[in-house]
Amino acid sequence: MVMVFYGSNGKSNPVSMENKVEHQTENQITYDIHLPSDLGTLYKVRLGLQSLENNISQLSLRHFKIQNTSTLDTFSLTINKTLPLSPNGDRWIEFPIQWPLKEALSVVTYHLTVFSRNILNERNLVRMTACIYGTHGDTGDRSLVQTLQNVQQGEKNESFLVIVDAVDLGELEKIVLSISSKTDCKLDIKKLHVQEAAKEHPIYVFKVNEEFSVNANKPKIQKEIPRSFVIRGEQQKNDIDNNLNKEGSQVKKLTEYTIKVYTGDKRGAGTDANVHIILFGNEDKSEVFQLSHSLEHQNPFERGKVDTFKIKTKNLGGLRSIEIGHDGKGFEKVEITEAARNSIHCFNCNRSVDQSIITLYTLFSF
C-alpha cells in the first residue's frame, strides 16, 4: 500500500507503507512517514495499492488519521471502503484534507468516455491507463479497460465509459495515456471526453486521432494529450456537432491520388533531397505535398527505382499538370492514378531537377 500527498506547492512521490510503529492495537496500524517540507499546505491524499499483480485480496479501510509530529496538527476521516473497489478495478481512493477554518475540496465522480475503433476487441490483452491533470492536481494512473460501462459498439466506431472518483481537479488541462500489451497490436483512439457525473456541462474534449502500435517486447507507450476545447453549454455542443458533420462531409469529398516516381538509371540520378509536388486540375490546384514516405523503400528516390506515394486532396477536376521540385537531380517520369476517375496520367521528365522547380504537363492519360 502506498500514499501520495498533495500540497499547495506540489505533490510527493508515492510513500510506501513500510515503517510500522511498534506499538499497535487490534485492527489499527500506525506508520511513520517523512514528507518533503516544500509541499506547502496539504489538501488531498491518494491512497491505494501499488500493483494488483500479486493477487491481493480486497483490503478494507475504515478510518484514516494523520498527525504532524512537530505541530501536532491532526486530521482524521472515516473511509469505510475497500481496495480494489471492484474486481480488477480502480485501486486508488482519494480524499481531501480538512483543516480548521479552511474549506476543503470535494470528492467528484468523473465520467471519462473513450471513443475508439478497436479497443474492446483487445481489452483482455491490453493495459491502458489515463492520468487526468487539472489546476488542482491529478488523478494518478487509472485503469481504462478493466471495468467498462455503457459500452456501445458499432461497425466502425465504439465508445465506453470509465468512472473515476477524485478530489476536485479544477479546470482540466491534459490527459496522459499509458498503453502496454501482452502481444503486438494496434489501438485506434479517436478522442476522450471528461465531465462531472452530476453535471451535463462542461465537457472537456481531448482529441487523439491516432493509431498506437503496441509491441509486447517494448516499454509502454506514453502519450500526452492537451485539452482541445471545452463544451460549456448545449448550444455550443450543437454548433460543434454541426461543424464536425460538415468536416466529415468535406473529408468524404477528398480525392485520393497514387503517385509513382521513376528515378533515372544514369549515374548520379538518385537523390536524398526533399521532394515536393503540386497537382493542377482544370478546376483547382492542390496544396504542397512532401513525398517522403514511399510505400516500397525506406530511402526513396534511389537510382533506377520506382517509389509510390498516396495523397488525398480536394477535387481538382481533370488533372492537367504537376509542379515538382527539389534540390537534387534525376527523375525519369511521374505517373499519377486518380482513384475517383480510375484514370492514369503520365508526365515525362527525362531531365534533372537541379536547384529549381519544373512544371510538367500531361503526356497522355487513359
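Each Cβ is built from the backbone N, Cα and C atoms, and glycine gets one as well.
What TrEMBL says about a protein is an automatic prediction, not a curated fact.
Per TrEMBL, domain 'PLAT' is recorded for 108-226, 255-366.
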Secondary structure content of the domain 'PLAT' (108-226), with strand meaning DSSP E or B: 4 helix, 77 strand, 38 coil
Mean per-residue pLDDT computed across the domain 'PLAT' (255-366): 77
